[in-house]
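To keep things clear, I will list the structure first and then write my remarks on it.
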Amino acid sequence: SQPWPGPPPQPEILAPTPPRETWSSKYEFLLSCLGYCVGLGNIWRFPYLCYRNGGGIFLIPYFIMLLVTGLPLFLMELSLGQYGAAGPITVWKCCPLLKGVGVAMLIVSSLVSLYYNVIIAWAFYYLGSSFQSPLPWSCDAPWNADICKVVAVVVTWRGCVLQNTSGSTGRVSASEVFWNEQVLGVTHSSGLEDPGPVQWPLALCLLAAWILVFLCMLKGIRSSGKVVYFTATFPYLVILILIIRGATLEGSLNGVRFYLSSDWSRLQRAQVWSDAASQIFYSLGIGFGGLLSMASYNKFDNNVIRDTLVVTIGNCCTSFFAGFAIFSVLGHMAWRKQVPVGSVAASGPGLAFVAYPEALSLLPGSPFWSILFFLMLLTLGVDTLFGNIMGITTAILDEFPALRDWRRKTAVLGVLCISFYLLGLLLVTQGGIFWFTLIDTYSTGFGLIIVALFMCLGIAFCYGMNQFCQDIMDMICRCPPWCSHMLGYFKVCWAFFTPCLLLFTLIYTFLDMYGVPLRYGTYEYPAWGTSLGVCIGVLTCLQIPLWAAVALCRESGTLSDRFQKATQPLHSWRTATARDVTGDIIDVPFTITLTSSD
């Protein structure tokens, strides 16, 4: 053999990829989860769904969904992320056949992030408008004088005569007119096909919202955990003030009675159960990938069962607590208009931006409290959106570890924020509220239920129920005995009750989908608009069979052999999960290449 031409090759160790971050303490993770879950949905979405579904009867399917689907799926997502220490796509190395579930989570999270920041933009607009006295949506404002004095105000929209935005007779509040005319400009649009020009004040607010999100994300998880010490407590103080003030208003008890009323016939409607499931997923963040991503930065021995109970129960109690603030004010609005409580405001996401501003205008020193309230909405919204964006960025960075470098990670985040902003401009046009409602309805509807269903079935029957429970036991081995005892309840839910109830809700949703047309106020969505919304949900669902087919094609043998191989964890999953109880990775190989020097 010929001698080596030159000096012997020197081993060159490739630069390792930047390591994943970890939470500084368990309390930062717990408070970050609370900040992620206790968000805008607790303020504007839950009371709005109660209002749309007849009041307090909605609490029955809501808490049933919490016990049978919310708690089990929340624990499943936290445990999967913490044990695998990976994002929503990479974590499915435990079962490559279900990689499409992670991709579907990414799509849902992207759709929600697209329109969720529009709500933050609305809050920015109201926050800027709050630095005035009197408030522009109050009866003391000069331009509202005629509105507040007349017995009935007629608004002409698309040639139709409406007494208020819900189509009922009676007085229109100044806050409703401000919302529809000044903020949305919806009275100048005819519907989906006529979005109209961009509302540039809202566009600037949306830009400010994305800049704020970008700056918050740049600080990383170590610094963001400090912020939630404020955002987790401040909202309760403001809501408590509103409840106390609302209780002193005339007619507030009628609103509370409506909130706690019982119309048992509503339980026969699929919309009620679909909204309950959607609100559980939306409020707890199940199926979006954010929880999974945040848990992936945990230490291995973190008590996920304790965190599940604290976050889910605290979140749902907050929703119920906030409902009293909303409905006490709705009762007063109904008393002023001399109409039933159920017809005092438009049924839509603008409920909080109609009822709450009017409540604030009734408080002494209203500009001060208005600034505090909308500042609270901003902190809640940014904190929740932070979790959604974290799910997206974590998925990307885990699939491409070389991007974990600070500069590259910043570039990825910047591209995401700019893209979402440009796409979101459609939602801040004069007809943007129609597109907002369409995406809101179908992005977190049947598609999200299917994602959760396949995640539950995949872990229970593909990855293996016993193996998954053993993984949890490995993580909570140092926890109190009651934690391990609760696994029996969760095991039964994962294997039977949770998938059955999800399947029942899904079927009921499909049956009702073609019977009740989508509406915003008096506007009924055209057939092509509804079809577009269905396509949004189908796009999410298609990722599951598509990536399952890819996984099967990568294997060899018969179809049965391929299926069996595609459900087995990859070697990189076993290596990544070979961790001790301190959360450190052990036995991780690195690459060495031989090169000859010149």
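Backbone N, Cα and C define each Cβ position, glycine as well.
Whatever TrEMBL says is automated annotation, not expert-curated.
The following features are taken from TrEMBL:
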BINDING   Gly35, Val38, Asn42, Ser283, Asn315, Leu380, Asp383  Na(+) binding site
TRANSMEM  59-80  transmembrane segment
TRANSMEM  101-127  transmembrane segment
DISULFID  Cys139-Cys148  disulfide bond
TRANSMEM  198-218  transmembrane segment
TRANSMEM  227-247  transmembrane segment
TRANSMEM  280-297  transmembrane segment
TRANSMEM  309-330  transmembrane segment
TRANSMEM  368-390  transmembrane segment
TRANSMEM  411-436  transmembrane segment
TRANSMEM  442-465  transmembrane segment
TRANSMEM  486-511  transmembrane segment
TRANSMEM  531-553  transmembrane segment
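Within 10 Å of the C-beta atom of Leu380 (Na(+) binding site) sit 25 other C-beta atoms, taking all shown protein chains into account. Within 8 Å of the Cβ centroid of the Na(+) site, not counting the listed residues Gly35, Val38, Asn42, Ser283, Asn315, Leu380, Asp383, the chain contributes Leu34, Tyr36, Cys37, Gly39, Leu40, Gly41, Pro235, Thr318, Thr384. A simple way to gauge crowding: the CB of Val38 (Na(+) binding site) has 28 other CB atoms within 10 angstroms, across all the protein chains here.
Distance from the CA of Cys139 (disulfide bond) to the CA of Asp383 (Na(+) binding site) is 33 Å.
Among the listed stretches 59-80, 309-330, 368-390, 531-553, the one sharing the most Cβ pairs under 8 Å with the transmembrane segment (101-127) is 368-390. Cβ-based neighbour count (10 Å, all protein chains) for Asn42 (Na(+) binding site) stands at 25. The transmembrane segment (280-297) shares the most Cβ pairs under 8 Å with 59-80, out of the stretches 59-80, 198-218, 309-330, 368-390, 486-511. Counting only same-chain residues 6+ beyond the ends of the transmembrane segment (486-511), those with a CB under 8 A from a CB of the stretch are 64-65, 68-69, 71-73, 75-76, 270, 273-274, 277, 305, 445-446, 449-450, 452-453, 456-457, 459-460, 465, 468-469, 472-473. Across 59-80, 198-218, 368-390, 531-553, stretch 59-80 shows the highest tally of CB pairs under 8 A with the transmembrane segment (309-330). Below 8 angstroms of C-beta separation, residues 96-101, 103-104, 107-108, 111, 438-439, 441-443, 445-448, 450-451, 454, 513, 518, 525, 559, 562-563, 566 of the same chain, each at least six residues beyond the ends of the transmembrane segment (531-553), sit close to that stretch. Within the same chain, residues at least 6 positions away in sequence whose Cβ sits under 8 Å from that of Ser283 (Na(+) binding site) are Cys37, Gly39, Gly41, Asn42, Arg45, Phe46, Asn315, Cys316, Ser319.
Summary: among the recorded positions (Gly35, Cys139, Asn315, Asp383), the fewest other C-beta atoms within 10 A of the C-beta are counted at Cys139.
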